[in-house]
Amino acid sequence: MNIHEYQGKGILKQFGVAVPKGIVAFSAEEAKQAAAELFEEQSSPVVVVKAQIHAGGRGKAGGVKLAKSPEEVYEIAQKMLGTTLVTHQTGPEGKEVRRLLIEEGMNIDKEFYLGITLDRATSCNVLMVSTEGGMEIEKVAEETPEKLLKIQVNPKYGLQGFQAREAALFLGMQGEQFRNGVKFIDALYKAYTTIDASLAEINPLVVTKEGRVLALDAKINFDDNAMYRHPDFHELRDITEEDPLEYEASKSNLNYVRLDGNVGCMVNGAGLAMGTMDLIQLAGGKPANFLDVGGGASPKTVEEGFKIILGDKNVKAILVNVFGGIVRCDRVAGGVIEAAKNIGLTVPVIVRLEGTNAKEAQKMLDESGLSLIAANGLRDAAEKVQKALASA
């Protein structure tokens, strides 16, 4: 689950992570009042108006503006609220701006990158710091890897003092900045582990001319599998920032990711799902989604999966590709038949079932009286997908 910048900063602040003063606003009038409050409290000649959407690259898209008065903030907020920001992370459809963060201006001296995430290859948390603040960390790692330091942190022992100091020294911090930097890194790691985050990213981490170390931006992603331990975080979810179909899928515990293709796919198992997407591509189509119904696919699960796939109007055909290991093929076939009867399939459906009770499943499909297209093997499935697209 993703949350907004202002929500992430609010959580981090509880753990002692230094963040600028900021106030969220849902209207131009609220933005003006927030700015007036900040100007009264601070000595900075500017405040920052920041669009709150679940995507990076807001500055380049016009989603971050400086203002020198509450009146100017009001004008900016009027123009920004309700507009659609298109960044490299939103896709061409963009995201509508529904809320703003009004934040105190900073007297910035240096900008850095700081992030913590899980390294699955080593089963450790990894602390990453870079002198290239404000840049995409993937780009830094590829083009200037010498400017990026990765420190493996064993979750059994946690972040050690020498590791936090190593990171601060790599960034060139000295004196008061160094002490504040080490304190900041310690606090961020504590927050990351306590809230079961999958990512805690500060980009940029800034050092002011006064020696303060603060999170100018914050991105927090939660591990969905640990959300039961943090019921209070559920209220932070902003479903308007999520794809409606992905949100519906999450309510049915389906692993669904919407793509921009024309062939829907329903598969059991992530590996087979990715292989199926390659198969669709080779057949001349483009996958419209990733959908893993899991090992315990039931008729109800299959029906919900079909509803979600058909919610994408770009879908011209559907490929069901199931290997019956834990789940029986006849059970999946029953779900496909039931779904076809209940929701009225309007596009060709190619069904390839292999494994436990595959013959029984094939017989059920043949005797269903429905226009379901059975496939024998992957090659046959690919050819039938190709044929379905040609006639669509």
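Note that Cβ sites are derived from N, Cα and C of the backbone, with glycine treated the same way.
If you look up Swiss-Prot, you'll see LYS50, GLY57, ARG58, GLY59, GLU103, MET106, GLU111 marked as ATP binding site. Cβ neighbour count for GLY59 (ATP binding site): 14 (other Cβ atoms within 10 Å of its Cβ, all protein chains included).
Of all the Cβ atoms in the protein chains shown, 24 others lie within 10 Å of the Cβ of ASP217 (Mg(2+) binding site). The feature Mg(2+) binding site is assigned by Swiss-Prot to ASN203, ASP217, with sequence analysis given as support.
Following the DSSP three-state reduction, the secondary structure of GLY325 (substrate binding site) is coil. According to Swiss-Prot, the substrate binding site annotation covers ASN268, GLY325, ILE326, VAL327.
Annotated domain 'ATP-grasp' per Swiss-Prot: 9-248, in sequence order.
For the domain 'ATP-grasp' (9-248), the predicted model reports an average pLDDT of 93. ASN268 (substrate binding site) sits 45 Å from GLU111 (ATP binding site), counting Cα to Cα. Taking every pair among ASN268, GLY325, ILE326, VAL327, the residues recorded as binding substrate, the greatest CA to CA distance is 10 Å.
For GLY59 (ATP binding site), the spatially nearest entry among the binding-site residues ASN203, GLY325, VAL327 is ASN203, judged by CA separation. Sorting the binding-site residues GLU103, GLU111 by the number of other Cβ atoms within 10 Å puts GLU103 first. In this structure, ASN203 is the one among the binding-site residues ASN203, ASN268 with the smallest number of other Cβ atoms inside 10 Å of its Cβ.
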